[in-house]
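Listed in TrEMBL:
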TRANSMEM  6-23  transmembrane segment
TRANSMEM  30-52  transmembrane segment
TRANSMEM  58-76  transmembrane segment
TRANSMEM  88-108  transmembrane segment
TRANSMEM  114-133  transmembrane segment
DOMAIN    144-278  domain 'EamA'
TRANSMEM  145-162  transmembrane segment
TRANSMEM  174-195  transmembrane segment
TRANSMEM  207-228  transmembrane segment
TRANSMEM  234-255  transmembrane segment
TRANSMEM  262-278  transmembrane segment
Amino acid sequence: MDTIVFLAIMVGALMHAGWNAVIKIGLDRFSAILLLSLFQGAISFTLIPFFPAIAGDAWPWLFASILLHVGYKFFLIKAYALGDLSQIYPLARGTAPLIVSVISVLYLGEVLSLTNALGIVSIGLGIMAMAISKGPDTPPLSRKALVFAFCTASFTAAYTLVDGIGARLSFNASSFTLWLFAGDSLIMLASALVLRGRGAITKTLPEWKSGLVAGALSLGSYWIAIWAMTKAPIALVSGLRESSVLFAMFIAVFLLKEKAGIVRWLAAFSIGTGILLTRF
């Protein structure tokens, strides 16, 4: 992988961890994700006129991606309702790169070196290890919570693959990204109005500043990822992007002064080792 692409993905991973920290506001999960989606869409609609049109072959992939992103969000919301965030999120995100790797090699013809493959596995296992790092006081996940967590991972893997293919066919990763978030925001807005009425929108207004910052960071983070997938194997980009969990841990430990046990540090070591292996 080119050094510039690698460093860009790392910056994107840091931005991903950043927006997750910013969005921890006094809203329920649905409202927080709605707020995030609305600002992603607002920024995207503002920027779309400044970028070229998407190539015709990419439109079916774009529509599929929008539906997958919305599905991911609803499954994630349900998973959070059934289990602890500290367990659900690592399971949902850590499994995805492993799925992406298998499918991209078997069906997309992408080639990974042995060290690259080991790096992706190391990152994925490290992220999933974060799910058990809270100790014995954390209640075990129910079977239903596990099902929704792994369904969420499947959606993540699916939209990652679709976005990688779509961006390559679009001939402009930026245009593909902006149309993706624009379409996603419209469906999330319509869903909110149908499910919760106008109150769903007004409920988010007091948190608009956090929504703007988180929306910009999350859009920028995935924008980098989609661009990177046009320059490097999708599986490598997917694995490196999920290393944002490592940055999130560092933010929690060094800025928020949270304690980290031995399992958490071992998980961090596994993720860090995986990042290094992807460079060879």
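The first residue you see is number 1, and the count goes up from there.
Note that Cβ sites are derived from N, Cα and C of the backbone, with glycine treated the same way.
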For the transmembrane segment (30-52), distant same-chain residues with Cβ under 8 A (at least six beyond the ends): 19, 23, 73, 76-77, 172, 174-175, 177-182, 184-186, 188-189, 192, 196, 200-201, 203-204, 207-208, 210-212, 214-216, 218-219
Region pair the transmembrane segment (6-23) / the transmembrane segment (207-228), three or more CB pairs under 8 Å: yes
Surrounding residues of the transmembrane segment (88-108) on its own chain - C-beta under 8 Å, 6+ positions past either end: 76, 79-80, 82, 117, 120-121, 123-131, 141, 145-146, 148-150, 152-154, 156-157, 160-161, 164-165, 233-235, 238-239, 242, 245
Residue counts (helix, strand, coil, in that order) that DSSP gives for the domain 'EamA' (144-278): 115 helix, 0 strand, 20 coil
Chain residues outside the transmembrane segment (262-278) and at least six past its termini with a C-beta under 8 angstroms from it: 1, 6, 10, 115-116, 118-127, 129-130, 132-133, 236, 239-240, 243, 245-246, 249
Cβ contacts under 8 Å made by the transmembrane segment (174-195) with residues that lie 6+ beyond its boundaries: 30, 33-34, 37-38, 40-45, 47-48, 51-54, 58, 62-63, 65-67, 69-70, 73-74, 163, 166-167, 201, 219, 222-223, 226-227
Beyond the flanks of the transmembrane segment (207-228) by at least 6 residues, Cβ under 8 Å: 5, 8-9, 11-13, 15-16, 18-19, 22-23, 25-27, 35-40, 42-44, 163-164, 167, 173-174, 176-177, 180-181, 237, 241, 244
